[in-house]
């Protein structure tokens, strides 16, 4: 197999091959040039980062820190990586790229040489085998005519007896020319035959084989170039691997348990002797009736001591109850953190638990403070009880002197203690609250589908809906539906309302048959149809009978097969978000729910869809449907082309005009006014949770934290992760969410909008921002922000919720501002 033996008549294909290879080499050359540029820029960026860090790290703590050592080594190794990448880029330029450029020129020369030789030998072959033979054949035919003419004239001369010799001479001459030409033709024909054989058997194959040899040599050269490129650009070379090994080793040397040992040694202070708190006996120098550390029981104090004892007993009991609640909250949070820790996939996922761990430590501090208060109240109560019991049944002795002073002092002490208790009681009030479920319900009524339909097509099959949502759908005796277990994918459950209770029966699958406790069936629809039509009890013990199938809301239910997942758009709180396509070619956004999420998070995932089902507004992201027929569950939303508002602001900051920013704010106000009218509290209003659609229409999105409350107020335990910089003080302090707290968040959204995507409270941590707000601090308006907008922000950030404007007022004010800019 080879060019010479198999490609004799494939000249055009060979030319196309060479053209294609030249284009490929040009593409490779362009790619390598861009790779060199990219690597140089990457190396330069790394070096700039290291230089910047060096400037910012000039101030060092005066103790030895393993974290600092590790960080310093990471910077040093990053600098080393920068130098390596720069060297690699230079080697790539002087090596593979330079050789590839030379090879392209050689390739072009080979092509040119091949075309020239091929044209030459082909022209020679055509000349010998066609052109020259055709000329001889034409002359041959002409001489035959001339000879025949001379022959006829010779015969005529013989017949007439005139000029016979002359005619004979002409005849002989014509015959001689013909015979000589005949010999030339025979020789030329023989030569043409041999030339043709030589052309196809030797000359052309030799040219093609020569071309193939050069082609293969160039492939060999290209392979060498690729090999050198691979070695130079490899990220697993020994020098690069060593860089990362050094970094990894430095990270492994970080030991949280010993990190602060040196710091403690450097800054250790000797324990100061505690000052003893004793009764100041100098107070008694001018009074003989009072004794140090003794409760005075007499006719003036006996009654007040009883009141104080009763008050202290009540205070102690309340403190003990608070302490019990706090300790339960500690145990609950510890359990929650432990469960979350088990689901962490990466070491860095521990960051997600830090806020919860901080909340746990704060709870423990509160517990300790309450224990201290309990011990104090107990000691005070014991002291009072001892004095009261000592004098039980006795008549209080009279006080001769300073009755009024004694009464005043006693009264003041009582007031001080009561005041102190009140301050303690108020400081710990509202810490422990129970979260409320906010899942709604929907009314459904339809008849059962025939058992021949697949399970997913049965009206009474609701897919992987949460247990609590299934229970809300069951209202009357005999109401039933089938669902996939939310906690155990692949397991199916029959949910029934019977005798005032909502019962849940796992559908058993044994020996390829579905059953409860009686007859088995090959599929679930047949099993349910049997119990529904025959009214046979589900189990003898329960006596439950199926009467009313509860159909699913078909308006929103989609099949997984109706959606084709496309590119990954990003990651949400519960799973990935993809671009998808419906059967009618509609582009949508598909939110997925990870199958390994805890049950409570899966319920929250579907909560967003349940809320959005009820809404239809141009400034609220639209729900298309949900896919709950099997795991993983999908929420299908309209695809909003502009992406999230925060990224949009940062990307378009040089293009956005003031009028457009006001329009965005007005859109947000309109959307929130609509939500307020539906008694919906968003709880997480921020630029990152808004989307920008066609014609720059802003839409409120991400209802994962939202709640619907008839009273317009939602209480939270306060132990969950919340967006602190966007959340109102009353929500942070007491877990009280309302439309007024959403107004506070709207003010932060305004600040984000007119700062073009800057993070609120720049330079502050969450805790610092929270403390500053409590002290009365409010962010100043962003640069170029209109004064009217700044005033609206300040109104939104009024500490008292009742003083904040309504969304209807905000919409009116923003409309006026927009008109002024027109």
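Just so you know, glycine gets a Cβ as well, placed from its N, Cα and C.
Listed in Swiss-Prot:
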- 569, 570, 571, 572, 573, 574, 575, 576, 577, 591: ATP binding site (BINDING)
- 1-259: domain 'F-BAR' (DOMAIN)
- 563-816: domain 'Protein kinase' (DOMAIN)
- 402: phosphotyrosine (MOD_RES)
- 434: phosphoserine (MOD_RES)
- 615: phosphotyrosine (MOD_RES)
- 714: phosphotyrosine (MOD_RES)
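Within 10 Å of the C-beta of residue 575 (ATP binding site) there are 21 other C-beta atoms, taking all protein chains into account. On the backbone, the CA of residue 571 (ATP binding site) and the CA of residue 615 (phosphotyrosine) stand 24 Å apart. Same-chain residues with CB within 8 A of the center of the 569, 570, 571, 572, 573, 574, 575, 576, 577, 591 CB atoms, the ATP site residues themselves not counted, are 592. Taking the domain 'F-BAR' (1-259) as a whole, pLDDT averages 90 in the prediction. Residue 615 (phosphotyrosine) carries neither a helix nor a strand DSSP state and counts as coil. Residue 575 (ATP binding site) falls within neither a helix nor a strand when secondary structure is assigned with DSSP, and so counts as coil. Around residue 615 (phosphotyrosine), the same-chain residues at least 6 positions away in sequence with a Cβ under 8 Å from its Cβ are 623, 674, 675, 678, 680. Listed binding-site residues: 569, 571, 573. The one with the lowest count of other Cβ atoms within 10 Å of its Cβ is 571.
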